[in-house]
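Annotated ATP binding site per Swiss-Prot: Thr29, Leu30, Gly31, Pro32, Lys50, Asp86, Gly87, Thr88, Thr89, Thr90, Gly415, Asp495, in sequence order, evidence recorded as sequence analysis.
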Amino acid sequence: MAKEIKFDMNARDLLKKGVDELANAVKVTLGPKGRNVILEKKFGAPQITKDGVTVAKEIELACPYENMGAQLVKEVASKTNDKAGDGTTTATVLAQAIIGVGLKNVTAGANPMDLKRGIDKAVSKVVESIASQSEAVGTNMDRIEHVAKISANGDEGIGKLIAEAMQKVKKEGVITVEEAKGTETTVEVVEGMQFDRGYISAYFVTDTEKMETQFENPYILIYDKKISVLKDLLPILEQMVQSGRALLIIAEDIDSEALATLVVNRLRGGLKVCAVKAPGFGDRRKAMLEDIAILTGGTVITEEKGMKLEDAKMDMLGSADKVTVNKDNTTIVKGNGDKAAIESRIGQIKAQIETTTSDYDKEKLQERLAKLAGGVAVLYVGAPSEVEMKEKKDRVDDALHATRAAIEEGTVPGGGVAYLRAIPALEGLKGENEDETTGIEIVKRAIEEPLRQIVNNAGKEGAVVVQKVKEGTGAFGYNARTDVYEDLSEAGVVDPAKVTRIALENAASIAGMFLTTECVVADKKEEAPAPPMNPGMGGMGGMM
C-alpha cells in the first residue's frame, strides 16, 4: 500500500491535534467535580465512566496522523494504568501540557534533543521531591480509607469497604471485584486456603441443610494421580476409623468403583471421609498441591518421588483445624504446616512474581501467594442498574489499585499539591545550555496543570487557585469537593506517591518522544473509483 509522509511542523501539528482531542475528552473526568463521559457500545447500553484510561481506550480518530497523536497519549494512560492502576487522567493532562509548551519552543527554534534532556533532568528532581514528601501508610487504616475514598471519587462507602478488606487479608492478600446480585456493595473474606473444587459426590455431605461437608481437625491426603483401586488406601482408612478423625482426600480423580466403596463406608457411619478433585491443571496443579501440602504439614504422594499410594503412612498426611467443602469450593482453615516452610514457600512465589513477564502467570502466582499468606477478599459491587454498576466497578478497581500503590510507596498531599511543592526543587536547576534550561521550565509549568484542571472542572478560575496554593507550604491546598483551602493531609485528601511519580514519568517519556519526532509515515488513503455512468444518460452531453 502507498504511504504518505509528512515532515517537521506539518507532522507535529497534526499529531498535536490528535493529542488534544484525546486529552480534552479524558481531562473532564479529573478531580472530585470531574464529569462523566458516555461511551457508545456496539451491543447493549452505553457505558458511563469517569475512568481516564477507559475513555482513552475507546478513542480512534479518522485522520491517521491525528490518530497517531491520540495513540501516543493513549499509551501514557495505558502504561500508567498497568504500573500504578490509577492516575491515568493526571498522566494524560501532564503529557498534553508538556507537549503543548514544548511544541511552541520547538517551533520557535529550540533544539528538541536538548529540550528532552532538560525535561528528563527536571522529572528526576520532581521524582526525588515526591519521594521526600511521601509518608508511609503502614497499617494506618484511616489513611488507607482516605486513599480509597479519593480514588473512588469521594465515595466513603467504598473507602470503608476497601480498608476493611485490606485489614483482613493484609498486604499479600488478594482482593477481587465482582458484580453483586443485588444493589448492596459488600465485602466477603475467605479465611484460609480456598480452591475451586467441590465434593465429587453429594453423599459426602455432613450438613444437609447447607449441603456442605464440615470436618473439625481432619487429616488430609494429597495424591497427584487418579485413585483406581481402593485397596491401595485401605491401611490409611483403617487407621482413620481407629483414630475417629475425618479424612479429606485430594486426588486427580477417583474411579467410580472406588468412589462407590467410599460412599458406602461413609453412609454406614464408620468412616468420616470426603473426596475432592485436585485444583488447576498441568504444572500449576503440581504447584498448588505442593502449596496445600506445605500449608497442612503433609506430603504430596507422587510417583515422581518414587512414592506409591499403598505405601502411604500417617506421617505423610497433612492436617488442619477445619475443612469446609461445598459443591463448588473447598476451604482449608488454619493448616498445621511448619511456619518456616510456609514462609520459605511464600518467598519462592514472590521471587517468581518478580521474574515472570506474563500478566496471566503473575495473576495466578499472586492468587497462590494470597492463599498461603493472607487470604482472599471479594468485593461485591451492587447498584440499581447495570450501567451504574459498571461505572461503580470502574471506581472500585481504581480505588483498589491506588490503595495497593499507597501501601507500597506511601502517600503525598493530593489535589495536585505534591507537584507544586516540587517546584522549589527546580528553581536552582540549570541545563548545560539554554534549550535544556527551557526543558526544565516546561516541566515547572506543566506540573501546575493537574491542579489547574481540577479547579477548572470545579467551575473556578485555575490560575488564581494555583497562585494561592503556591504561596502556601506543606500540605496546604485547595479542596475542590468542599471549596475550601486547608491542610489536605489532615482533610484526608491524599494520593499514592507511586501513582503521582509514575504519572509524571510516563507523561514526560512520551512527550519527549513526541517533541523529537521529525517525520510521520501513514498509509495513503486510496481514492474510491468513480461510479460507472448511467447508460441512459448518454444523450445529455449538450447540457450546461
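Including glycine, each Cβ sits where the backbone N, Cα and C put it.
Taking the features listed in Swiss-Prot, we show where each one sits on the structure.
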residue	record	Cβ neighbours (10 Å)
Thr29	ATP binding site	22
Gly31	ATP binding site	27
Lys50	ATP binding site	21
Gly87	ATP binding site	32
Thr89	ATP binding site	28
Gly415	ATP binding site	27
Open item on the list: Taking only the residues the record lists as binding ATP, namely Thr29, Leu30, Gly31, Pro32, Lys50, Asp86, Gly87, Thr88, Thr89, Thr90, Gly415, Asp495, what is the largest Cα to Cα distance between any two of them, in Å to the nearest whole number?
Closed with: 17
